[in-house]
Amino acid sequence: MLLRLLLLLAPCGAGFATEVVSISLRGNWKIHNGNGSLQLPAAVPGCVHSALFNKRIIKDPYYRFNNLDYRWIALDNWTYIKKFKLHSDMSEWNKVNLVFEGIDTVAVVLLNSVPIGKTDNMFRRYSFDITHMVKAVNIIEVRFQSPVIYANQRSERHTAYWVPPNCPPPVQDGECHVNFIRKMQCSFGWDWGPSFPTQGIWKDVRIEAYNICHLNYFMFTPIYDNYMETWNLKIESSFDVVSSKLVSGEAIVAIPELNIQQRNNIELRHGERTVKLFVKIDKAVIVETWWPHGHGNQTGYDMTVTFELDGGLRFEKSAKVYFRTVELVEEPIQNSPGLTFYFKINGLPIFLKGSNWIPADSFQDRVTSDMLRLLLQSVVDANMNALRVWGGGIYEQDEFYELCDELGIMIWQDFMFACALYPTDEDFMDSVREEVTHQVRRLKSHPSIITWSGNNENEAALMMGWYDTKPGYLHTYIKDYVTLYVKNIRTIVLEGDQTRPFIISSPTNGAKTTAEGWLSPNPYDLNYGDVHFYDYMSDCWNWRTFPKARFVSEYGYQSWPSFSTLEKVSSEEDWSYESSFALHRQHLINGNSEMLQQIELHFKLPNSADQLRRFKDTLYLTQVMQAQCVKTETEFYRRSRNEIVDGKGHTMGALYWQLNDIWQAPSWSSLEYGGKWKMLHYFARRFFAPLLPVGFEDKDVLFIYGVSDLPSDHQMMLTVRVHTWSSLELVCSELTNPFVMKAGESVVLYSKPVPELLKGCPGCTRQSCVVSFYLSTDGELLSPINYHFLSSLKNAKGLHKANITATISQQGNTFVFDLKTSAVAPFVWLDVGSIPGRFSDNGFLMTEKTRTVFFYPWKPTSKSELEQSFHVTSLADTY
């Protein structure tokens, strides 16, 4: 949603200023620590860590063990100071406010040495009345308290009962009692990220002065009238009216492409007032709806709303308006004891394909527009249509949601509560209410947001006994839970936004949870709602490992990032899987060993005598393992779309954990810190393809399903091929008769006992051959070429090291890699080191002598740079 505020100055009458003045206080500030031993300039928006780094007082916080070495920063109390002059007489204004869009987090704000307010919530806007205090020359001070010390103090004062958890596991090197502070929860440490509890003015800060009124919030929501079959637009504008007299005027709504030019008379009385405008769109006007990526266009309409008020005051708001409906469908299913759980967009059931979003950096001032676009473009480039903004991070910046609107990425928006119980004392709840009210107002105009969710895993934490809470206090914890998420957050959301569903938690049993008093004994019931699923010990190639659930909003496996990413934050002594650095960077208990165990199920572990080579091979194999595991699991969910087996199934969402990284470390991500694609992300591009053949075995029978997310039916054929590991010559193939693949369906296309299939392919055994398959029509490929391994690759017979070469050429801004191989090669990995960009495909099975792959650079590069940086690896290279 593009939103601009134009403050149009009107002439002053009788010495009385009627305009609204906004004075930015962004830019250069000064900061000092508690005892004044450190004094330095700091940029606003920004944080203390970034200021220290920019002045070279500290090194890169992500380098090696610096997250431990720089813990002192978060334990100190920092003060931000800015001296500024005003070039007009502020006494002529009825109201002057000092506005902070975001303060991180606990602080006392002073103007000219006089306290004007306190802050305790990173997620809300603060506006302080300084009308009678502001001078020609002013000094603002923001005196921060250490968030770590504050959280501990709040916990110590909560003596009535324990509010768990106290501290993160020691392996995370984190801080304690994060649930007692309204701050980015993962800033105290998580199992994929460091602990950097920041302090600073992390969003815009300004002075606003006005005499009549000021427009604080501008919101709009399209509403479809099913009975009349017409679109309406509800526009809400929240004003602070300081004039003692009635303020009259007009509100003019213009949407030229929809032939809308509507004038409304409005009246504003003293106080906080909301103007509601309703625009009815003529039925004869064709309104193009907003669709998720892969299902249609993201059509938006330019709208201008102008307020012309008494005294010549004029406000103008410009925004992009999108029209779409969303419905969460929970209804009985034939042959199943539960309810469905899926989303309809514009009346069409949509399978949500995507991932989970975490903060892109511990230091939000480093998250640039280019970084956001790169990461979100990578989402749609991998055929995803949805992201879940996870509840332990932040409500993302405006540009994030604007890009999601533009790209067609549906957002499951958590409120920022995660993996903990929370206090419900009065001042905490007051702060939360302000937070939720602000965020709903700020975000509800975005079509990309399709649902609100109250928290991440807190229902499960409470009802499944994660924190060994005493049974005698269960009633108290349940009461607190309902108070926070139902009586407050849910109530505020439903009052402020009736256009999208609200879910209490994730995972949850949806309507069943509601019926059971907002908490279910088992929030992971596969017959209801959404589930989170993790299992690192079972064989991930076995599809029976995975839950046949209605909707899976978290699942995944870890891997390490590439060597080129790690190299930037490590030294030579760190380049071993057993190094102190490797252990320090891993924040999941037993995470490194569990990756090796999963690898060993199907691959040989690297055994090179060269330590660096062995380390690089291990990094590669963790990515192979992760990609193959998540592929198997995701394909299981996609093919379960139309199935009910033993009452289970009708899966309509697969959001793996996680999309992006917050730093350079092992995690569940498919995008490394900086945006480089892991092998998993290339796999996601294939397993989330709109049209996909999925192969698996059940009782020695090979089944191939066709899965379609296409909006219409298509005629096609399935080709099944069998290759031997020892030769690039095709052994045998089958071609089905033409069939019609219906839109939005998953159906069996092929089934054959594996012994029968191999019998028709001379010399083939499970160990010596591999199956591939694809969908096509008239010789045109319609789907990715998928494959099915008939045995673990550690038992593959005839698999040789392949000599793979590349000839690189340039076509415009794209580079062409013409590959040649001497042998069949699984998991072919093309790498150009630190040159930013992505390939058209990667991590693939190469069964033919030649293949062409394209490289799309994100920054200017050259053929010679690519040739110098290029390296190719396939599985046999690690033996």
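Note: Cβ is positioned from N, Cα and C throughout, glycine not excepted.
According to Swiss-Prot, the cysteine that forms a disulfide bond with Cys629, out of Cys540, Cys732, is Cys540. Between the disulfide-bonded residues Cys176, Cys732, Cys769, Cys769 has the most other Cβ atoms inside 10 Å of its own Cβ, all protein chains included. Once Cβ contacts within 10 Å are tallied over all protein chains shown, the recorded positions Asn77, Asn456, Asn803 are led by Asn456. Nearest in space to Glu554 (active site, nucleophile), taking C-alpha to C-alpha distance over the recorded positions Trp192, Cys732, Cys764, Cys769, is Trp192. Apart from Trp190, Asp191, Trp192, Asn456, the residues listed for substrate, the same chain places the Cβ atoms of Cys186, Gly193, Ile358, Gly392, Ala418, Cys419 within 8 Å of the centroid of those Cβ atoms. In the three-state DSSP classification, Cys629 (disulfide bond) falls within a helix. The shortest Cα-Cα distance from Cys540 (disulfide bond) to any of the recorded positions (Trp190, Asn456, Glu457, Cys769, Asn803) is found for Cys769.
Sorting the disulfide-bonded residues Cys167, Cys629 by the number of other Cβ atoms within 10 Å puts Cys629 first. Taken over all pairs of the listed substrate-binding residues (Trp190, Asp191, Trp192, Asn456), the Cα spread reaches a maximum of 16 Å, rounded to the nearest whole number. Around Asn35 (N-linked glycosylation site), taking its Cβ as the centre, 8 other Cβ atoms fall within 10 Å, counting all chains.
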